[in-house]
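What follows is a set of notes on a single structure, which appears directly below.
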């Protein structure tokens, strides 16, 4: 059974099986966009073929041959018979399972692992990846080489899984080693390379229960599969025992529900101590031993990475034993040479069309007191191109200490291109001839990581007769070239020819969109999609200046569609064709999709449209409006719902013009210091919005007062206490009741049937009375703006009844239901009583009355 894993975090990486390809598929064309015409790519390791030899390079062949000799797969010409390989440990049949792959096809042939580093990594990250690879090389016979034309290779990249890698060699193409966020640490990269070499996680081996305890209740929900055991057929120990110190072991709290909760608890040793697990510092002795067995490394010999040193045969000077086979590898960075006695020498003459130069000891810190001079020569009639992948040299304003000097020629007297130091990568460099001179100098103090650069022959493709195959314009770039087109045209699929342009992502606040070829007729079979994106809180409007497409109202031939959003799943504003110019269209949010299609027959002139973006102040906090916010071009305004008016601050809404109720306050508890005139502690209640309104009461003592009723829909309440006696205080309930006494003036005011008029129908079982009082000598005019009350022949269910006086004994002005009176109503006196009654069944919208006082000499009740 294989473990299927799809998610990872720091410390909890993933070992992917080769059958997980359907989840994490590597794009074989990574970074080919930097090299579209098959020229040499300048990223570390290069991607693709790059026109190099189809045969494996000599370094690869040499290392592979050494592996085969060391493993007994190929005879050494100097040995008369096969040399037996000797390994310490148990025999094949007594192997104890350990978390290394048992499938031979997953082992990299000859221990050679080609690699490519993706272009999205920084120079310091690239250097750290190389340090991790050198760490494995130093302690094992595994070798990492930059990929040439090998079919199987690893790609340092960033995948959704975060920190993850395939276990061993997958074969048949590239495979990912994902170094995601928080994974770019030396120990973690060494760990992920362990997966590449062929190691599973140590805690997944079949016999792990003899060594650790999995505490499942502490594991994060959904992460339990990371702690499953491997099947015996998937792993092989090669005689190595369980390794608590392995860099492939999870920590005690990996995927834990809490930082201090264990998910893996190691068993105690003979001294009662639990060994530490989960280190990410270096390879353990067990990691090294197992890797050397997995790749059948020679029993003696090592990898030498120092700048100088010594080596000796086994047993020296007392004599070496019989049947001994040893291999030593001396490894230096590109730009250095190895001489005997063993010593690395930097600099030299380089006659190649492409290659790499690195500072001494890169990616580790360069050594003090070094001076390296390189003379690079490429083919005649070409220039030298130089690009930097990483750069970190001791900083100084004048680069007086450590520096890299580049000159345009063959010697120190050639024109100076630049002297570089610090941490910023120099710009790409192009020589004027086929030679380039470089010198690196370090003093005896501060040392840094140094630099890594690629050099290559640079030729001007645009100067050739065919201009690189470009149909219209050719632009030479360092290491390549680009074709471009006239305005209104775009590059075709071959990136050389030009065709009528259309579509694209537009992020300007305003601009113009036209059909391809405008103002000429648009071409047939075009499909153009413009995605217009404005900043957050903005809306986009489109106004057509000219519009002429084939078609009529059906729009099934040529048409343009406009959507509120970037996909065709968004809201569709409309589908347009013909000669009628569409109205201005405004998006719902901050993006819009405009899609144009033409068929293969009739073509017209097309369209020209202007788009402009306007900030939608209403999209954030409703523009500060209490009720409704209306966006306008360049501004916005607030509006109130029916029955409310806008406050003076232009944002809030108030009911000041909506006289429909009165305010009532009823006390449930009352205990305030007693005084005959309530001079000390007291509660004052005013009939209105301020303390200047009429006083409804000044209250104190222990007796609960009668309910207080305001004549309108507002009440001002003030509580005062002095510095002496304190009492329990008061508690009151307030409510808004329908009806009330309303003062009538010459300025029209509004009266509504109920508090939620315009939002809900009036409630049932209501009896409300409003007394409208005007100045003496004046009369009242009442106009029903809206009237919707349950209809009945005698208005016996719900009705509005008007009386020309103080109460219901006065002269009646009418009882109304249904759609109400058709004309204005005028009183004889200066007072009108309005009685509104509803039953408990059908309810309607209600009524809205506008009233005012007038001086009218006639005594009639209705307008003539």
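Cβ coordinates come from backbone N, Cα and C, glycine included.
Taken straight from TrEMBL:
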- 99-298: domain 'Peptidase M12A' (DOMAIN)
- 161-183: disulfide bond (DISULFID)
- 163-164: disulfide bond (DISULFID)
- 191, 195, 201: Zn(2+) binding site (BINDING)
- 192: active site (ACT_SITE)
- 300-335: domain 'CUB' (DOMAIN)
- 346-458: domain 'CUB' (DOMAIN)
- 458-499: domain 'EGF-like' (DOMAIN)
- 502-614: domain 'CUB' (DOMAIN)
- 614-654: domain 'EGF-like' (DOMAIN)
- 629-737: domain 'CUB' (DOMAIN)
- 738-854: domain 'CUB' (DOMAIN)
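In this structure the alpha carbons, written CA, of residue 201 (Zn(2+) binding site) and the residue listed as 'active site' are 10 Å apart. Mapped onto DSSP classes, the domain 'CUB' (738-854) shows 0 helix, 58 strand, 59 coil. Residue counts for the domain 'CUB' (502-614) under DSSP (helix as H, G, I; strand as E, B; rest coil) come to 0 helix, 58 strand, 55 coil. Nearest in space to residue 163 (disulfide bond), taking C-alpha to C-alpha distance over the recorded positions 191, 192, 195, is 192. Considering other CB atoms within 10 Å as the measure, the emptiest surroundings among the disulfide-bonded residues 161, 164 are those of 161.
Residue counts for the domain 'CUB' (629-737) by DSSP state, with H, G and I taken as helix and E and B as strand, are 0 helix, 54 strand, 55 coil. Comparing residue 195 (Zn(2+) binding site) with residue 164 (disulfide bond), their Cα atoms are 9 Å apart once rounded. Among the disulfide-bonded residues listed (161, 164, 183), 164 has its Cα nearest to the Cα of the residue listed as 'active site'. In this view, the densest Cβ surroundings among the binding-site residues 191, 195 belong to 191, judged by other Cβ atoms lying within 10 Å. For the domain 'EGF-like' (458-499), residue counts in helix, strand and coil come to 6 helix, 16 strand, 20 coil, using DSSP. In this structure, the C-alpha atom of residue 164 (disulfide bond) lies 10 angstrom from that of residue 191 (Zn(2+) binding site).
Around the Cβ of residue 201 (Zn(2+) binding site), a 10 Å sphere holds 25 further Cβ atoms from the protein chains shown.
Local packing around the disulfide-bonded residues 163, 183 was summarised as the count of other Cβ atoms within 10 Å of each Cβ; on this measure the leading residue is 163.
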